[in-house]
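According to Swiss-Prot, the features are:
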ACT_SITE  S106  active site, nucleophile
ACT_SITE  H131  active site
Amino acid sequence: MRDPVETYMNLVPMVVEQTNRGERAYDIFSRLLKERIIFVTGPVEDGMSTLTVAQLLFLEAENPKKEISMYINSPGGVVTSGLAIYDTMQFIRPPVSTLCTGQAASMGSLLLAAGHPDMRFSLPNSRIMVHQPSGGFQGQATDIMLHAQEILNLKKRLNEIYVKHTGQTYKAIEDALERDKFLTADMARDFGIVDKVIDKRSEEPTPKAP
């Protein structure tokens, strides 16, 4: 059976750009990276996280002051992989704007909320979902207890991050994340995950001149 990732990559369109040295071909995502646009798409896992972190660091090296745009369409995934992206967003110097296209669930919603203040956006038909972390463990009883304590520590840390970026109280975040909480774009704005719901290009943030 053919690797679905290989099939997908073969379908990525190429764009041709005219330069002083002739034509140059890029895959569409590399071309958009030149415009400082990053895509966080699909499940959050170590491979995707590493690529996203690398792109953030590259764009910072290119211009430490110019805005980076992050387009998010993700069901979430591995907490530590998501936190690697989150920490890098906070660590680098350029402001990172976030825009939800499709869905931002679980870790996807945390990354959406982690954008620069007043630069977090959602398209009108996007869906956002927040919840507490989940996991399953097996092994010796003591090890299971240690893993259970670790996931509780992660839950507390994630709650604190949501508090920081949404302006909600810790109790409100804890209650909201107790079960899967689905939000429309407008509800996510009212909750503090995004700053604005946009439906026109003219309202979308554009990179500032260096």
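Glycine too: its Cβ is placed from the backbone N, Cα and C atoms.
The number of other CB atoms found within 10 A of the CB of the residue listed as 'active site', across every protein chain shown, is 17. Applying an 8 A CB threshold to same-chain residues 6+ apart, the list for the residue listed as 'active site, nucleophile' reads V44, P75, G76, G77, G82, M129, V130, H131.
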